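I have placed the structure first, in the form of structure tokens, so that the comments after it can refer back to it.
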Amino acid sequence: MWWFQQGLSFLPVALVVWSAASFVFSYITAIVLHHVDPLVPYISDTGTIPPERCLFGIMLNVSTFLGMATMYVRYKQVSALSPEKPKILRLNKLGLTLGWMSCFGLCIIANFQKCILYYIHVLGACLTFGVGSIYMLVQTILSYLMQPELHSKDIFWARLAVFLWSCSSILSMFVSSVVLYSGLYGQNLVQKLHWDPQERGYTPHIISTVSEWSLAFSFLSFFLTYIRDFQKISLRAVVSLQGQTLHDSPGSFRAEEQALLIAGSI
């Protein structure tokens with residue numbers, strides 16, 4: 001059995017590989033068609049013009065589903081490992097809520113392009129990266145509270161390092177974006193897909209785009225830390241029949257009532 005076939009480890013693996021592929025494929029398509037500059041464009045710029053916009057949208061929608069599934073499995077795992085610790089259970093529920101909000105933001109990013117509905121796109125980005133970073137913080141705190149009995153210290157330090165990486169990327173992207181869109185370098189820069197290295201504003205633009213790519217891959221790296229944990233968990237569905245048929249009929253009601261009476265008499 002391969003390492004990614006153990007337990008449910010295929011979920012975070014699929015999330016990371018598929019999400020990275022959605023960025024890379026849309027980037028390659030946009031570059032080949034000369035829709036963006038080859039040197040570090042915004043991730044959103046690579047999903048603005050068809051056909052890469054279609055590819056970008058559908059692949060990120062699948063990433064949204066994989067992210068929600070991965071976060072739910074993580075929630076169930078923590079609940080099962082710490083059933084009698086109210087503090088951990090509360091943080092666990094908060095983490096699931098924040099995680100699903102972040103996934104909803106990713107769905108907004110996928111379906112509302114920056115050059116068409118800018119403010120809705122920014123809202124999605126804030127949900128994805130802003131709320132998502134808080135989700136990472138909550139999971140890091142949970143890893144700290146669950147060590148050393150349930151979590152190793154290495155996992156805690158790894159998640160803390162990735163969280164700090166994402167925070168530094170957010171700070172760098174925020175500052176450079178504020179400087180870039182302050183009006184000092186012109187107007188309507190949101191619609192700008194091609195940049196000349198000699199023009200004003202190119203430096204904060206590059207800092208902003210590099211920070212965005214760094215932030216995206218910090219999120220993917222965080223989910224890589226789930227692989228070892230997910231190797232030790234599996235989920236199964238339990239089917240509970242409420243009747244002997246899939247339709248309602250007088251005969252089936254009488255049969256069920258008779259079965260209940262017999263069960264009650266026993």
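Each residue, glycine too, has its Cβ placed from N, Cα and C.
The annotation domain 'CWH43-like N-terminal' is assigned in TrEMBL to 8-233. Across the domain 'CWH43-like N-terminal' (8-233), mean pLDDT in this model comes to 90.
The transmembrane segment annotation in TrEMBL covers 12-35 (among others).
The transmembrane segment annotation in TrEMBL covers 55-73 (among others).
The feature transmembrane segment is assigned by TrEMBL to 94-112 (among others). Residues 44, 47, 56-61, 63-64, 67-68, 71-72, 74-75, 78, 120-121, 123-129, 131-132, 134-135, 138-139, 142 of the same chain lie 6+ residues outside the transmembrane segment (94-112) yet bring a C-beta within less than 8 angstroms of a C-beta in it.
Taken from TrEMBL, the feature transmembrane segment covers 118-145 (among others).
Sequence-distant contacts of the transmembrane segment (157-185), counting only residues of its own chain at least 6 positions beyond either end whose CB sits under 8 Å from a CB of the stretch, comprise 129-130, 133, 136-137, 139-140, 143, 200-201, 204-205, 207-208, 211-212, 214-215, 218-219, 221-222, 225. Annotation source TrEMBL lists transmembrane segment at 157-185 (among others).
Within the same chain, residues 3-4, 9, 11-13, 15-16, 19-20, 23, 39-43, 70, 74, 129, 132, 136, 139, 155, 158-159, 162-163, 165-166, 169-170, 172-173, 176-177, 180, 189, 195 sit at least 6 positions outside the transmembrane segment (205-227) and bring their C-beta atoms closer than 8 Å to a C-beta of that stretch. What TrEMBL lists as transmembrane segment is 205-227 (among others).
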- In the same chain, which residue numbers or ranges, 6 or more beyond the ends of the transmembrane segment (55-73), come under 8 angstroms Cβ to Cβ? 8, 11-12, 14-15, 18-19, 21-22, 25-26, 29, 46-47, 95-96, 99-100, 102-104, 106-107, 109-111, 135, 223, 226, 230, 233, 235
- Item | Intrachain residues whose Cβ lies under 8 Å of the transmembrane segment (118-145), provided they are six or more past its termini | 44, 71, 74, 78, 85, 87-88, 91-92, 94-95, 98-99, 101-102, 104-109, 112, 151, 155-156, 159-160, 162-163, 166-167, 170, 190, 215, 219, 222
